[in-house]
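Enquirer: This is the structure I want to talk about, given as structure tokens.
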Amino acid sequence: MSDPMKTALSLVPMVIEQTNRGERAYDIFSRLLKERIIFINGPVEDGMAMLVCAQLLFLEAENPKKEISLYINSPGGVVTSGMAIYDTMQFIRPPVSTLCMGQAASMGSLLLTAGAKGHRFALPNARIMVHQPSGGFQGQASDIERHAQDIIKMKRRLNEIYVQHTGQGYEVIERTLDRDHFMTAEEAKAFGLVDDVIHYRAETEKEEKD
């Protein structure tokens, strides 16, 4: 059975631009990167995290003050991969705006709420899901015990991050994340995961004058 993600990527459209040196072709994602737009699409894993972190660092080097937009449609994935993206978002100087389109579940929801305060958005039909980390281990009993201790520490750290970005109390976060907890865009706003639900893009000053 073919991988839907690979199939989609093989169909990425090209954009042709006219420059003073003639025509130049970009794939659509490279063209959007020029506009400081990065996509997190699909499961969060090491390969994706490396690409997202590289794009964040590149855009910081290009302009350390101009906002970066992160568009998220992800079911979540590997915690350490997500934390690599999270730490890079906090590390770089430009503010990072986040927007959920489709879904932001598990690590996707953490990256959504990690955007700059006042710049975290969701589209009206987006779904957000939060929960505690999960894992399965095998081996010697002592190793399983150590893995269990580590995932408990990881759970505590993730809870602290949600507390920091949502403004909710630790007990509320712990209770909410105890099981899969699904939210509409408006519910995510009320909970503090996002700052606003966007129904349409506002006109710019230039567009209004035109």
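Cβ atoms here come from the backbone N, Cα and C positions, even for glycine.
What you are looking at is a predicted structure, and each value in this text was computed from that prediction instead of being measured.
Features from Swiss-Prot:
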- Ser106: active site, nucleophile (ACT_SITE)
- His131: active site (ACT_SITE)
Enquirer: What is the separation, in Å, between the Cα atoms of the residue listed as 'active site' and the residue listed as 'active site, nucleophile'?
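Expert: The residue listed as 'active site' to the residue listed as 'active site, nucleophile', Cα-Cα distance: 6 Å.
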Enquirer: Among the active-site residues Ser106, His131, which residue has the fewest other Cβ atoms within 10 Å of its own Cβ?
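Expert: Looking at the active-site residues Ser106, His131, the Cβ with the fewest others within 10 Å is that of His131.
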